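Worksheet: one structure, shown below.
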């Protein structure tokens, strides 16, 4: 076990390097961020310059850069090797909800509470595109694994699919039979064909990214007002696994989409496992 001390307020976000298991980044309500190197007992460097809570962190796919975002709408890019601030990315008028990197390059994608999504070139520190159209905070989003499209979900209960090069909105998914309340999380399949989304209404949907059609919808019969679907992930293309929270007691299930749903009061985590059950 490793204990990091340095924050003086709540811890809001943690990120681990995809290329170096010793590197961990943290951000908190004390307006501070740190990059830690496990085993040294101290931080490698402090992520200075944020004037508000550091709420999002993300390493680039190659592990060379780290993005830190705050509730003030500022994103900073850090060079991992030197510890220097590479550039500051501004534009969003409100807090940063999430940050993602392109799977094969130094493009940064971020969603904001002001209902916009921004994409920058981190090497040049320049904005490439702004995606506008959502009617509420953009609560989740990502590049597809092939890097060709962008998917974003919002508190306006819609999923939007974009062309990152042109900024064109390809599909808007909303209304029946989709979610009735805001989206809280999203995962995109490794083959870039479908998006799995969760909502405040406790429902799960699988959307065909190519057509924009809802292929599967599942709603839970038990309403838990203090809980909603909060985290989703894919492991690969075959077999579904889920982590569920029924009342207070956590439960874990594996199986097909249909077989696990009757047991779930609220779904907090989904993914694809190697072998179907």
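Heads up, the Cβ atoms here are built off N, Cα and C, so glycines get one too.
TrEMBL does not curate its annotations; it predicts them automatically.
Checked against TrEMBL, the range among 192-213, 214-235 recorded as transmembrane segment is 214-235.
Taken through DSSP, the repeat 'WD' (4-38) splits into 0 helix, 17 strand, 18 coil.
On the 0 to 100 pLDDT scale, the repeat 'WD' (89-130) averages 97 in the predicted structure.
The residues of the repeat 'WD' (89-130), classed with DSSP into helix (H, G, I), strand (E, B) and coil, number 0 helix, 24 strand, 18 coil.
Within its own chain, the repeat 'WD' (89-130) has Cβ neighbours under 8 Å at 52, 55-61, 64-65, 67, 69-77, 136-143, 145-147, 150, 152, 154, 156, 162, 164-167, counting only residues six or more beyond its boundaries. Taken residue by residue, the repeat 'WD' (131-172) breaks down under DSSP into 0 helix, 21 strand, 21 coil.
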